[in-house]
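Take a look at the structure below.
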Amino acid sequence: MSKITLSSLKSSLQQGLKNGKNKLNQAGTTLKNGLTQTGHSLQNGAKKLILYIPQGYDSGQGNGVQDLVKAANDLGIEVWREERSNLDIAKTSFDTTQKILGFTDRGIVLFAPQLDNLLKKNPKIGNTLGSASSISQNIGKANTVLGGIQSILGSVLSGVNLNELLQNKDPNQLELAKAGLELTNELVGNIASSVQTVDAFAEQISKLGSHLQNVKGLGGLSNKLQNLPDLGKASLGLDIISGLLSGASAGLILADKEASTEKKAAAGVEFANQIIGNVTKAVSSYILAQRVASGLSSTGPVAALIASTVALAVSPLSFLNVADKFKQADLIKSYSERFQKLGYDGDRLLADFHRETGTIDASVTTINTALAAISGGVGAASAGSLVGAPVALLVAGVTGLITTILEYSKQAMFEHVANKVHDRIVEWEKKHNKNYFEQGYDSRHLADLQDNMKFLINLNKELQAERVVAITQQRWDNQIGDLAAISRRTDKISSGKAYVDAFEEGQHQSYDSSVQLDNKNGIINISNTNRKTQSVLFRTPLLTPGEENRERIQEGKNSYITKLHIQRVDSWTVTDGDASSSVDFTNVVQRIAVKFDDAGNIIESKDTKIIANLGAGNDNVFVGSSTTVIDGGDGHDRVHYSRGEYGALVIDATAETEKGSYSVKRYVGDSKALHETIATHQTNVGNREEKIEYRREDDRFHTGYTVTDSLKSVEEIIGSQFNDIFKGSQFDDVFHGGNGVDTIDGNDGDDHLFGGAGDDVIDGGNGNNFLVGGTGNDIISGGKDNDIYVHKTGDGNDSITDSGGQDKLAFSDVNLKDLTFKKVDSSLEIINQKGEKVRIGNWFLEDDLASTVANYKATNDRKIEEIIGKGGERITSEQVDKLIKEGNNQISAEALSKVVNDYNTSKDRQNVSNSLAKLISSVGSFTSSSDFRNNLGTYVPSSIDVSNNIQLARAA
């Protein structure tokens, strides 16, 4: 089929009128006789619309006439068959039998074969409106078609008395009616044909738009349209319609890449005020001319009413909305330039799609806005008359038909552009043998590396690790999702992609094959390295392991959903080697949302386990939100619960038979935590709606759940910010209470117990224990063996109870001479310069009982044998007792200074005191409640050398 152009459309429409006039002239004498006979017939039935079915055209033969008949009955349109009605087609007078509409002796006839053939001949009309054989199956399309034509002819019949017209034989009025009928036929045929030539339509619009874009300023736009060839007074109605179609090109002005958003908005307003204004002038003049011909008023007030009504019908907001679409296209195009350099042109495809569909939308918006303005003018003109103006044929009915066809055509145009996107993607995938959307994620990751490279290459220094492994989950990308939806390839997209990058000595390893990351099977292997230290950092939340599959399903007529199916793996297995590694699992998504309440809170979730085999080396593991199984292997390994709100710990190792084995129970209470949820991405391509299910991490409020971790070969546990409970084993345990009010019981063994922040209760139990209360008012018990207590400024008021052994109390950051010693009741209070007290309970109880009870024998040693300052200086329990007694229950500053000076002059003890000073200093710098990290770091300061320092303390 030949392409439709603006000029050919005008020519065709003009020819329609010309044919009408020629036929009228050619009729000659026949016209006089025919019109007289027809006039008599029309007296009884001129105001009927008839669906005419000729003899032999049977609806049972597989055509769509049966559906048209049903629709006609629904709409009250009479149905006649030739053999029943004996209709006399006025072939000799009007020769309209090859058109959809025609005059007959009983009224206006809608020819069923011609309408049926039109639908068959135009398959794209058939696809949108419904084919001739299935038209009734799609929301009553036959009703829509017949109803639209009936509306047009209803306007004709209300504005023209055909009986009177034919009887009076007024050639001017007859020409007008005939022109209207011909125009309707031509418009239906030509616009229907344009659906098959979408590219031609767009091409002609684009050509005219390119001319307009070269005009300086916007003021010349109306002149350009005014310079179109004049079709003459008799065809002014055609000029209006042609102006509407050509005026659609003004939408391209809004797409000018050189124009600012403000200029585009101004272009919309300018177009509304000037271009449509000129069309309105033509409409108004035509309406007024017809009012004069009908003997109706054409005074100034009437003209003003028409003009004002037309103006109100024009909404610049329509053009502002179009401008926003072009703005979106411009933003995406600008965004796309970077990713094109990285091997992905999907964003450019998306920008082109929005620009092309925006142009289509702009054209339709322009036409519809102009039609609304004209219809408003017609309504104003008709308001003052009892009989509507004949221009209703050219406006009210025709505009409705144009609008309907354009709306149906717009979707076909959108899909045509979408098909081009689809073909480009398929072509690329065949050439590169790779998923196109995966390439999109790859480009996003490369851009992320470029943006953050300076930060990433500094991680070796910041994290004090020779090797840093950065694992990044590229999340769902809305623009990639839009592209998949537009191209109808939603089953080919994934929820994202995970990447591994390694950094050594401040250099990025472009592809580190030594790290294995297998998302489908849940494997992370970092064991293949010759570096001594490494840090594994999950930069963004890593989704749960498993393989995704998608299925695109049609939900409604124009609605599709792509369902997500996941073959899940219930755990990650992480393998480390000989390096001393720090691994933070708090950014690994371990909970999968299963059920929600009405407020969207998670009330049921599923667990994804982490199994970590750490191998040799001194490793640090930060535990995440759910079940974790850790085998520390060789070396001194620490497990941290200090990050995230993942529940208070309950550890009971009293029955453990293997050193370093612990069962850690956690109740993660009502709060927010990372969960994997299924979200839906929605994209509209005109009337087509696409929904895509995808996975994402969601920091969602949830109800509580219980987790049990299993630890093996773990030497040290750092608690949570909640109120933890620790019960040690028969072996040496190292516990850090972290924040919260913690209860820590070392049980047997030589334990290291750190209270952290909060008012903790610490009991060393049996063994030579190292006890640090931390900040808060702590209650500390050492037991009967040789214990070491540590206090520093800011730790608060601690209460210590001891019962035997050779014990030591170290003030890690205070000189001994700056402390105050007092006897309060039977206890000893030691006060620092900040006023914080360490109270040693019942220090003097045995002495007080001995002085008051005859023959009393001491049964328990409740004293601490040495109290040590930050420089290693110390005072013994015997010296404390003597000086307290001499100082009337308090040691004077002078007496305390003398003790310190005497100790410092002792040469044979200097080496030991220096070693002990290191012990105290290291303890002072070790803050168990700290997170030991910067915003992304995982560095944990080395804890004190437990065995060596205790030996030094004992030797001291």
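Just so you know, glycine gets a Cβ as well, placed from its N, Cα and C.
Annotated features in Swiss-Prot:
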type: TRANSMEM; residues: 233-256; note: transmembrane segment
type: TRANSMEM; residues: 266-323; note: transmembrane segment
type: TRANSMEM; residues: 361-406; note: transmembrane segment
type: REPEAT; residues: 718-735; note: repeat 'Hemolysin-type calcium-binding 1'
type: REPEAT; residues: 736-753; note: repeat 'Hemolysin-type calcium-binding 2'
type: REPEAT; residues: 754-771; note: repeat 'Hemolysin-type calcium-binding 3'
type: REPEAT; residues: 772-789; note: repeat 'Hemolysin-type calcium-binding 4'
type: REPEAT; residues: 792-809; note: repeat 'Hemolysin-type calcium-binding 5'
Mind checking which residues of the chain, 6+ beyond the ends of the repeat 'Hemolysin-type calcium-binding 1' (718-735), have their Cβ under 8 Å from one of its Cβ atoms? 638-642, 645-654, 656, 659-662, 666, 741-754, 756, 758, 765, 767, 928, 943, 946
Checked against DSSP, the composition of the repeat 'Hemolysin-type calcium-binding 3' (754-771) is 0 helix, 6 strand, 12 coil
Residue counts for the repeat 'Hemolysin-type calcium-binding 2' (736-753) under DSSP, helix then strand then coil, are 0 helix, 6 strand, 12 coil
Three-state composition of the repeat 'Hemolysin-type calcium-binding 4' (772-789), taking helix and strand from DSSP: 0 helix, 6 strand, 12 coil
